[in-house]
Amino acid sequence: MSKLPIVIAPDERLTTRASEVIDITDKIKELVNDMFETMYYAEGLGLAAVQVGVLKRIFIMDVQPEKAEDGPAGYESTGKFCMINPEITELSGEQVILKEGCLSIPEQSHEIKRPKYLTVKYKNLNNEEQTLKASGWLARCIQHELDHLNGILYVRHLSKLKYDMAMKKAQKVKRHYEQ
């Protein structure tokens with residue numbers, strides 16, 4: 001396993017829709033292991049393949065019990081997952097505003113409104129179809145990472161003015177990281 005470099009915004013890879021994974025090969029499994037190592041090193045909750053420069057529909061996340069929230073019966077709010085070719089099949093009408101951050105937009109966090117509950121279909125590393133009902137931070141993390149796979153940065157959910165300010169700050173931070 002090895003730590004991968006994280007793509008920092010602005011970068012066109014972060015605004016490009018990722019392509020579906022056709023075969024779950026040993027190379028894909030190695031990528032996922034490296035992504036977990038990278039995410040833990042960076043102290044993130046989730047990481048999409050596009051954030052390490054791989055334009056494939058894969059993301060990982062590990063939402064620990066301290067982030068748990070009470071949700072409806074049958075909904076998970078914590079857990080460690082690898083989701084391949086994920087697709088949200090249901091979103092709750094109930095929305096909640098919480099502060100989010102992103103490993104690709106360091107040194108920033110913003111309040112984002114998202115649905116509180118969801119259902120997602122995906123494949124795991126064993127190429128098995130899975131369905132998950134998620135709530136709380138787990139649901140939020142799924143939406144955030146799936147946005148990455150669709151070429152959408154979380155700051156796109158802000159007003160134009162706040163988005164422009166966030167990207168201006170991101171440009172300054174990126175220059176600092178590149179030195």
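Placed from the backbone N, Cα and C atoms, the Cβ positions cover glycine too.
Features reported for this protein in Swiss-Prot:
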ACT_SITE  E145  active site
BINDING   C102, H144, H148  Fe cation binding site
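Sequence features annotated in Swiss-Prot and their locations in the structure.
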| residue | record | Cβ within 10 Å |
| --- | --- | --- |
| C102 | Fe cation binding site | 26 |
| H144 | Fe cation binding site | 24 |
| E145 | active site | 25 |
| H148 | Fe cation binding site | 24 |
Request  = To the nearest whole angstrom, state the Cα distance for the pair C102 (Fe cation binding site) and E145 (active site).
outcome  = 10
Remark   = Per DSSP (three-state), H148 (Fe cation binding site) is helix
Request  = Give the helix, strand or coil assignment DSSP yields for C102 (Fe cation binding site).
outcome  = strand
